[in-house]
Amino acid sequence: MDSNSNQKPKIGVLLVGHGSRLPYGEEVINGIADIYRQEADHPVAVGFMNMSRPSIPEAINELAAMGVEKIIVTPVFLAHGVHTKHDIPHILGLDNGAEGHHHHEHEHEHEEFEFDGEIVYTEPLGADPRIAEIIRDRVKSAI
């Protein structure tokens, strides 16, 4: 029996941000990635949908170059919207050609990536008690 048959695929994590001409969002997403990396046992990359670098395809290529076989993509957005439901899946090649109703182009959407492994796309952050705790802390510090 092959000893590799029971091995799990090498996993990478891609945190996706919107991107901006201003540096603040990029700094926050990179800061979140740095915190996550401290306890992660797999490679972590950051990619941006628009206006910032690295783009989502560039980040996928970065993870692929590390030999990952499965990429878990997490949008660092609070809620679903056009970007999480249409634009990001389209960039990831997960939309099966669905057009949606969003008709402006994004700077990175025509870039390609070289990855033939599995891509798993997660939900955005959502209504999570940990986010409510952050809000409580902000309110408490402002009182």
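The backbone N, Cα and C atoms fix where each Cβ goes, glycine too.
Here is what Swiss-Prot says about this protein:
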type	residues	note
BINDING	His18, His83	Ni(2+) binding site
BINDING	His18, His83	Co(2+) binding site
ACT_SITE	His18	active site, proton acceptor
BINDING	Arg53, Leu78, Ala79, His80, Gly81, Val82, His83	substrate binding site
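Recorded features from Swiss-Prot, shown on the structure.
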| residue | record | Cβ within 10 Å |
| --- | --- | --- |
| His18 | Ni(2+) binding site | 20 |
| Arg53 | substrate binding site | 13 |
| Leu78 | substrate binding site | 13 |
| Ala79 | substrate binding site | 11 |
| His80 | substrate binding site | 12 |
| Gly81 | substrate binding site | 13 |
| Val82 | substrate binding site | 12 |
| His83 | Ni(2+) binding site | 20 |
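Separation of the C-alpha atoms of His83 (Ni(2+) binding site) and Arg53 (substrate binding site): 17 Å, rounded to the nearest whole number. When the alpha carbons of Arg53 (substrate binding site) and His18 (Ni(2+) binding site) are compared, the span between them is 11 angstrom. Between Leu78 (substrate binding site) and His18 (Ni(2+) binding site), the C-alpha separation comes to 12 Å. You'll find the Cα of Gly81 (substrate binding site) roughly 12 Å from the Cα of His18 (Ni(2+) binding site).
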